[in-house]
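S.K.: Here it is: the structure, laid out below.
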C-alpha cells in the first residue's frame, strides 16, 4: 500500500470513528431527555420504571391535597378513576391547580410507588386537558370534561 492510500484510509477511518462518537453522544442525550407518560393505573401496576424521570397525569382527587404548614411540601393523589397514585411535590403549585382538575407531574417513582415530582403542570382553562390525561380518561370510561370530573 502506497503512502497516499494509507493516509486516505486513516483519514476515512478517523472520520467514521468521529461520526460514530457524535451519533453515540446524540442518542445518549436524547434518551436521557425522554419523559414517557404513565397513567395512575400503569404506575400502580408497576409498569412505570423506578428512579427514571416520567410524566404522570390524571385528575386530582377531591380531599387529597395535604400542604405542610412549615414548608412548601405538598402531597396529593391523582386518579384515572381506575387506580390512584400519591404524588409529593416541593415548591409552589400553579395558580390553576385545584382538586378535581387535570394535571401532569414530572418526576420519578420511588420504591413505595409514590411519584416524587419536581414539576407540576395544571390545565390552563376550563376546556383544555392534557392529551395524555384525556386519552387515559377515555380509556377508563370517564368523560374528559372541563372543570370537575365526576367519577
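Backbone N, Cα and C atoms are what each Cβ position is placed from, and that goes for glycine too.
Taken from Swiss-Prot, the feature heme binding site applies to 124, 128, supported by sequence analysis. The region 'Disordered' annotation in Swiss-Prot covers 132-151. Per Swiss-Prot, the feature topological domain 'Cytoplasmic' maps to 1-8. Per Swiss-Prot, topological domain 'Periplasmic' is recorded for 30-151, and the stated evidence type is sequence analysis. Here Swiss-Prot flags 9-29 as transmembrane segment.
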S.K.: What is the number of residues in the topological domain 'Periplasmic' (30-151) that are helix, strand and coil, as DSSP sees it?
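M.R.: The topological domain 'Periplasmic' (30-151) comes out at 17 helix, 43 strand, 62 coil.
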S.K.: What are the DSSP helix, strand and coil residue counts for the topological domain 'Cytoplasmic' (1-8)?
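M.R.: Tallying H, G and I as helix, E and B as strand, the rest coil: 6 helix, 0 strand, 2 coil.
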